[in-house]
Amino acid sequence: MEIKGFSFSAVEAGIRYQDRLDLGLIYSDHPVVAAGALTTSLVKAAPVLIDIDRLEDGCAQAILVNSGCANACTGEAGMEVAFVTGELLAKELEIKPENILLSSTGVIGEPLNVRAFRDNISPLVQGLAPDNFEKVAQAIMTTDTVQKVCYHSVEIDGVDVHFMGMAKGAGMIMPNMATMLSFVITDAQIGSAQLKEALTPAVKKTFNRITVDGDTSTNDMVLVMANGGAQNSSIKSGTQAAEDFQGALQYVLMDLALKIVADGEGASKMITIRVCGAREDAEAEQVARTVANSSLVKTAFFGEDANWGRILAAMGRAGVPFDPYQVDISFGDVTLVRDGLAVGRSAEDTATAILKEKEITVCIDLKSGKCCEEVYTCDFSIDYVKINADYRS
């Protein structure tokens, strides 16, 4: 798929890695509507701080992204380098620096090498082409083992609207947009306020429902650019068109979010924690998230041990009131716990077979209300420890 008016490029800049793409560019041939959801961590990387300011007017023309260095916890020097990289690109593209969104991912606390940008901005711009989307997806990878892209089309008011999305992330994943990056482009005609209205709930139901290790990055961001090329009637708030657009955007973000979980560092299984019977959605989510972030639960899944006691124990510290002797817990369609008590050894043996699968659903019924939520996670393997122990070496 290609979206007319957008082009892409990626080069090997040697920022940290050798012989691999690590500097990417997404470019629109004219300023377009833009919106973002950025990390809510108090510790924010330089590009995040800059983008928060630049997104205020809801307009952008380019996204410049690098991997290998997060440019986080680098002080005023890091801010200055970030501004310089944008100015270098603006000069080469002959556009306003304020219309360039910046993004970085990689090691925290190390200075970003501005020379890598000075030497490579020109070839980066020269390499712009409408079919280089997946090269940028490769350039943003760090500990990812696969690139993550999604292509989607939907009919809005009788017009085909197209979406192209990419993401990176495998570790330091528990986004709270508010390390994980996602960029989506679309040819939908939509205002900046309406784009933000669609993005906020879509992120809440997708990227903010995943966790690999419970850590929130300094650099988390989702950026969306819409150029209006589909020439649909401009999408208005509260209309069917707005609902259709949000649904399509949420589809793309969910596809990318689940790919991040499936590619979690060292992961061998993707796990859905579904909590029902809660009094409120927030309580259901909190219980699900607490279980999903439990290291003991995640290692039990890796060991293919149907240790439901760890799940119930994690639920008990979620800060949500419930009666333990009303809780049911199932792995897939196998009930292990009914009214807070073990069903029996034969049920555990059957559940153990389910744990050998690559995708597992844990169903928890609190029997306190009618609200349900899901959180998506993965297991903790020996490789997770190795990957993170060796990350900077």
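Keep in mind that glycine also has a Cβ here, set from the backbone N, Cα and C atoms.
As written in Swiss-Prot, here are the features:
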type     : residues                                       : note
BINDING  : THR142, LYS168, THR179, GLU265, ASN388, SER393 : substrate binding site
ACT_SITE : THR179                                         : active site, nucleophile
Helix, strand or coil: which one is THR142 (substrate binding site) in, per DSSP?
coil
What kind of secondary structure is LYS168 (substrate binding site) part of, going by DSSP in three states?
strand
